[in-house]
Amino acid sequence: MNIAKSIHFLSNKEALDKRLDRGLLGIRGRQADELSSLGLPVLPSVVIDATVSRSLYGEKLRSALSPYLRKFTLLNRKEYADAKNPMLLKVVLSPNLAISNYPVLHNFGLTRDTFAGFAERVGEHFATHEVFFLLKGVFGVLLGIAESEENTKGASEFVETLKEIEVFLQGGKSSPSGREAMNRYRALLPDGFFDDAYVQLEEAVRLVSKLLSFEEDGEDGVAILIQPMVYGNYGGGSYSGRFFSRNIITGEKKLQGQYFEERFDECDAEGSDVNAIKPAYLKQLQDIAWKLEDHSREIREVRFTIEAGSLWLIEQKPVEAKSTISLVRLLLDLYEREVVDAEYVVKSVKPGQLNEILHPVIDMTSVTGLKSSQGGIIGVPGAAVGRVYFTADSLIEAWRVAKMGGQDTRCILCMPATYAGDVKAIEVATGVLSNEGGYSAHASVVARQYGKISLVRPDMKIYSDKAVVDGMTINEGDFVTLNVPYYGESTLYMGAAQLIEPDPETSGLVSFIELAKGFVRSFHVRANADSPHDAELALAFGAQGIGLCRTEHMFFKEDRINVFRRMIFSENAEERTGSLKQLQKMQGEDFYGIFKVMQGHEVTIRLLDAPLHEFLPHGESEVSKFLEYLEKVCGKGLSREELQERISMLSEVNPMLGHRGCRIAISYPEIYAMQVRAVFEAVYRLQKEKISVYPEIMIPIVMNCRELKQIVYGKKIEGHAYQGIGSIEEEVRLALKAKEVDYKVGAMIELPAAALSADEIARYAQFFSFGTNDLTQTTLGLSRDDFNTFMPDYTMYDLVDGNPFAILDARVRELIEVAMQRGRLARPDIQLGLCGEHGSRSENIRFCMEVGLDYVSCSSYSVPIALLAIAQAEIENAEKEGRKPAWRGRSSAKSGGRRAR
């Protein structure tokens, strides 16, 4: 058989024929060809392609291979079969499938004649090790052949031989010398195997070919590669090493890895920083790294060997375990140098991955030795360290003491579940650890809003002063570390780890989001923000307004909660008015700050939604503190018994569907009136400062149009007059002698009844915002805080399609569409949005865009995620329509204002 046409040669100086079918080379062959075409210092290769690779057993190969071995000598400065400076070879199988189980064959050319010359350069011990490594590969092939031929006796003998060789390789017992090993296994090998290096190579290739011949119906297109071996311990000027093309945590464009001087195997060895290698070699390694990055558009892991001054690229592969920061910084670097365009950059990052950039990550070297427990439900990804406290009050007290004493203020709130009264603790905590609920539970939603970490551990038992998980006890005041990655298993560590803090600027997040925003058209993202700080963060992350300002969160601040409680428990209008004036001034300052930060953008203020039940003092400690406050402020107060009686009267069995939202406005009109006055006082104050403000007032938990009509326009019945928003605005405007501003009043659609009567509600609402957390609860009859207790069973029996508090349920989607259609029939220009944590998920965003909503609103920390999801949806839609996606962003610096390729 004439095999010459099926043998090919490649090196960094000699490329393969372009007409050659690359499918015949296998994966490794194609990679070697690709790298050689880049001019990288790859090992030269003889490639026996797939047309003959299974048919070489019995063929004379020496004459066909010898010319190529001489080419190896010219490049490698060593000669095959030379006694003094022998070149050794490896035989590599190159299948077309990435997953294969072929043995690796190294060190051909080690014979009785060449062993001494090789040992003189690398040492007797290492040379002997390489003999055993050669034997391991060959006997692996022989075992495969014996099993294919159903030669049970031969297979058994090879299995025992391989076991013995493995013991020698692992140093389990005193091994024979290299020459003794050649004699020891001589009878099991082809004749002359250790007598003639050319016979050895020829027999090795034949055996590999024979092994492949048994797989005619299996692996398709396996090539055989022959390459020279190079060693990092081959005398002076020899090194080995491994590195990443840039830092895989920070993304800094600097090699990250180690090198080893005069060593071949880096295992169990302490290396030196690769950047400290000789400058000439460092320059070569940098050129290799960044050529690979530009070509693959990925961070690469590179293994190299420098043998007697010559540098060789041994292996390169993508890096799976890298941070999102490193990926983003790589993409931005490629974009600035016009290697990729903005579209490629935006498509290369999954929206959820941005969570990692927005929160701290653990320095994994700092958790060695810490006890840990894996598992749990992701509330908010990231990492948090802090001392554990089991009530909001105990956490706040510990935080205050630590702050005053200049000590570590990091705290983690650990409770079964959290409620509105716990928000003040979440705000100062670094994270929340709970055992009820999941992604959409109150603890997770609030933590997300404040940029905190949240982990739910259903298997954790929480007591009054301790928690137990996986047999580990967490006492109050103990340090723990929460590691909640975007992908992979969450981990709870006992003790404090070191954290790497995020920086939106240096991480590249701000620049990345600017590129993504270039693809965003009319559909946009707003933020849920309750303070000027939240508003600033929202703008920094690319929000185009505030879609939800939860005013009840403002009342839970420490200096306000007792004022609000005093208002609730007031016995007469005079007392209540005094408290409301205090609250109005406080809220007015909040609104002023938020409007000022968001000048030029819409700000949606949701009037009080939380039930009064949530503002009541709970537990003996809160009751005592409130009684002390009343005594101090009023000079007199309620008795404990009177207070407990009033608390009982106001307590509700099911507050989520009870006295909340617009229902409070009907029963306590002065509360909403106070809030509306605070809004417009802030608006007209800013008007005098020449600052543009676009206020939107949203009424929550609307059930029918009559509720909204009364709140907006007021109502008079015999003996009663209800003042509407319009009348209050006019009152404030006239008192301040201001010019009327445009404002909108809208309804939060979070009940099926509201969705179905949207046409009637739209007569009085200029916008709808779909509150999908409550709409999901009221549509499906599910509690978001309790769903996870039975969700595993429902998932096991395939009774639900995923988590409806993460991905919108089909029936909730239908209600949204019905409400949109009916609302637009009544008011064609009605503005439509969705607020809540559903708004940051790609699947939900695509739905909102498809059905024609105008925006989504989510926590400030979710804004970049939502923007990226929108940009990717716009790109995908353009591709489906066969057009180039419209992009209105900044071109790379190199392009001088032109759009990058």
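The backbone N, Cα and C atoms fix where each Cβ goes, glycine too.
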What does Swiss-Prot list, out of Arg550, Arg663, Arg685, Arg841, as binding the same substrate as Arg606, Glu750, Gly771, Thr772, Asn773, Asp774?
Arg550
Applying a 10 Å Cβ distance cut-off over all chains shown, what neighbour count does Cys835 (active site, proton donor) have?
27
Residues with Cβ closer than 8 Å to the Cβ of Ser440 (phosphoserine), same chain and 6+ apart in sequence?
Asn773, Arg784, Asn803, Phe805, Ala806, Glu837
Apart from Arg550, Arg606, Glu750, Gly771, Thr772, Asn773, Asp774, which residues in this chain have a Cβ no more than 8 Å from the mean position of the Cβ atoms of those residues at the substrate site?
Leu548, Asp609, Pro700, Met748, Ser769, Phe770, Leu775, Cys835, Gly836
Greatest inter-residue Cα distance in Å for the substrate-binding set Arg550, Arg606, Glu750, Gly771, Thr772, Asn773, Asp774:
15
Comparing the recorded positions His442, Arg550, Arg606, which residue's C-beta has the most other C-beta atoms within 10 angstroms in this structure?
Arg606
Counting Cβ atoms within 10 Å of each candidate's own Cβ, which of the binding-site residues Thr772, Asn773 comes out highest?
Thr772
Measuring CB to CB from Gly771 (substrate binding site), give everything in the same chain under 8 Å that is also at least six residues away in sequence.
Pro700, Met748, Ile749, Glu750, Cys835, Gly836
Among all chains shown, work out which of the binding-site residues Glu750, Asp774 has the most CB atoms within 10 A of its CB.
Glu750
Could you count the residues of the region 'Central' (381-482) that DSSP puts in helix, in strand and in coil?
30 helix, 34 strand, 38 coil
